[in-house]
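K.L.:
Quick one: the structure is below, and I'll ask about it shortly.
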Protein chains: 2
Amino acid sequence: MKLARISTVHGPAPAVLEGESWAVIRDMFDTELIKTGERIPLAQARLLAPTVPRIVLGMAHNSGPEDRKIPPQAFSKSSRTVVGPGSPIEIDTGLGAVNIEGELAIVFRNFARRLSPEEVPAAILGATIGNDVTAIDQIPLDEKMTQVKNGDGFTPLGPVIETDISWDNAPIDVAIDGVQAASGSTAGLAWTIAEQVSYLTKYLTFGPGDVLLTGSPQTAAPVMPGQNVSITIPQIGTLENPVVALSGSASQS
Amino acid sequence: MKLARISTVHGPAPAVLEGESWAVIRDMFDTELIKTGERIPLAQARLLAPTVPRIVLGMAHNSGPEDRKIPPQAFSKSSRTVVGPGSPIEIDTGLGAVNIEGELAIVFRNFARRLSPEEVPAAILGATIGNDVTAIDQIPLDEKMTQVKNGDGFTPLGPVIETDISWDNAPIDVAIDGVQAASGSTAGLAWTIAEQVSYLTKYLTFGPGDVLLTGSPQTAAPVMPGQNVSITIPQIGTLENPVVALSGSASQS
């Protein structure tokens with residue numbers, strides 16, 4: 001099942017995919033979805049970021065088997081970095097090089113604290129595509145990652161949330177201006193998604209709509225203003241965002 | 001002028017203090033406040049966290065003059081850690097010692113990026129009291145502060161936002177169970193608030209309602225479940241929160 005947040009005349013609305021249109025629903029976190037009756041044809045729908053999270057965490061050093069030698073660790077991105085499909089990633093070239101990272105992003109359905117790995121799937125609504133944009137030249141200056149990870153438009157999410165997905169074996173392809181720049185699979189991550197969530201819920205509570213960017217399995221690529229990034233996870237779709245030079249204006253999700 | 005978020009029969013509502021009652025307003029970020037006509041007597045008003053931020057940053061190593069020898073640095077707390085007056089700080093004693101830190105918390109009015117120190121005041125709505133709860137025994141395990149700073153109820157804010165305040169000379173008193181445990185003043189911080197904001201807006205955009213915890217000028221104290229914390233900044237008021245053992249339930253702001 002595919003869920004989205006769509007721009008409507010009444011404001012952003014959650015919706016479920018039915019054939020060639022989006023059926024607007026009351027709340028994507030309901031156990032049984034309640035349709036409002038409003039339908040929007042696919043071609044007319046403008047998709048927003050599929051969730052407005054209060055927590056956005058990304059996994060550090062989770063890119064391959066070597067990374068299992070130390071405990072999992074996460075960094076925070078602010079909710080304000082979240083943007084939807086088509087929204088710009090704004091980079092300040094004065095702050096050095098920037099990478100995009102194509103990742104599977106987990107969206108929580110329930111409050112989740114102190115979960116065993118076995119309890120994790122029931123707490124999760126589904127997965128979307130996340131782009132964990134990273135100002136890599138700031139890393140040596142800020143191990144806390146605040147100035148590394150929080151630029152405008154630095155967390156594109158979308159286009160949809162897929163509720164039925166093989167999290168631990170999802171291929172990820174990254175293209176810059178239509179040319180393949182990197183590819184990998186969540187099978188290449190150091191820690192499984194259930195292990196990551198179990199670890200993090202020792203320390204904090206995720207809630208409905210919150211997001212975990214699960215790590216970059218060799219799916220990073222450098223970008224510059226003027227380029228377009230597309231990240232494809234076949235079960236979910238393709239997330240596309242332009243890269244622009246920072247204008248000073250604020251991003252909206 | 002004092003602003004608050006109040007629990008009403010219609011849900012949370014912003015309000016401005018007028019004499020012995022709160023006058024409900026349309027939006028505390030309006031340039032000219034628009035009153036709805038609804039008034040709630042002080043004694044009947046239940047105050048919530050005065051803002052629901054998308055960004056909550058705290059200042060690292062900002063406690064005294066020595067800290068000016070290295071650049072300012074911030075860590076992220078999630079929006080989900082924010083709670084209001086009276087809500088519990090839930091600590092997991094299995095994760096070691098916990099400190100509370102009484103701080104002046106700045107609330108932004110406008111989008112703010114690349115501001116000079118002189119431009120900072122115009123971007124700020126006012127100040128509230130922040131309690132930057134910190135699981136100090138996790139610091140050596142996690143320099144990114146994710147597992148240090150993001151427990152349930154780890155960012156009490158309130159009781160109100162004061163729009164007319166001397167940010168850089170505000171006394172802060174911390175009491176545990178009614179006994180003074182620490183005291184300081186924002187005059188003791190390494191970097192002024194305008195300097196902090198100017199630095200951080202090189203890297204990211206704050207928006208309306210976002211919060212910066214400006215650092216702990218010797219205003220930290222250890223706490224245990226069963227205790228009550230009260231933090232007083234005379235121009236703003238007193239923020240009180242009980243400390244409880246983690247129940248596994250989620251916090252609400």
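Note that Cβ sites are derived from N, Cα and C of the backbone, with glycine treated the same way.
The domain 'Rv2993c-like N-terminal' annotation in TrEMBL covers B:1-50. Look at TrEMBL and you will find B:67-244 tagged as domain 'Fumarylacetoacetase-like C-terminal'. The feature region 'Disordered' is assigned by TrEMBL to B:63-83.
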K.L.:
I'd like the per-state residue tally for the domain 'Rv2993c-like N-terminal' (B:1-50) from DSSP, helix first, then strand, then coil.
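P.N.:
So the domain 'Rv2993c-like N-terminal' (B:1-50) is made up of 3 helix, 29 strand, 18 coil.
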K.L.:
Could you give me three numbers for the region 'Disordered' (B:63-83), the DSSP helix, strand and coil residue counts?
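P.N.:
Its residues fall into 8 helix, 6 strand, 7 coil.
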K.L.:
What average pLDDT is reported by the model for the domain 'Rv2993c-like N-terminal' (B:1-50)?
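P.N.:
On average, pLDDT over the domain 'Rv2993c-like N-terminal' (B:1-50) sits at 96.
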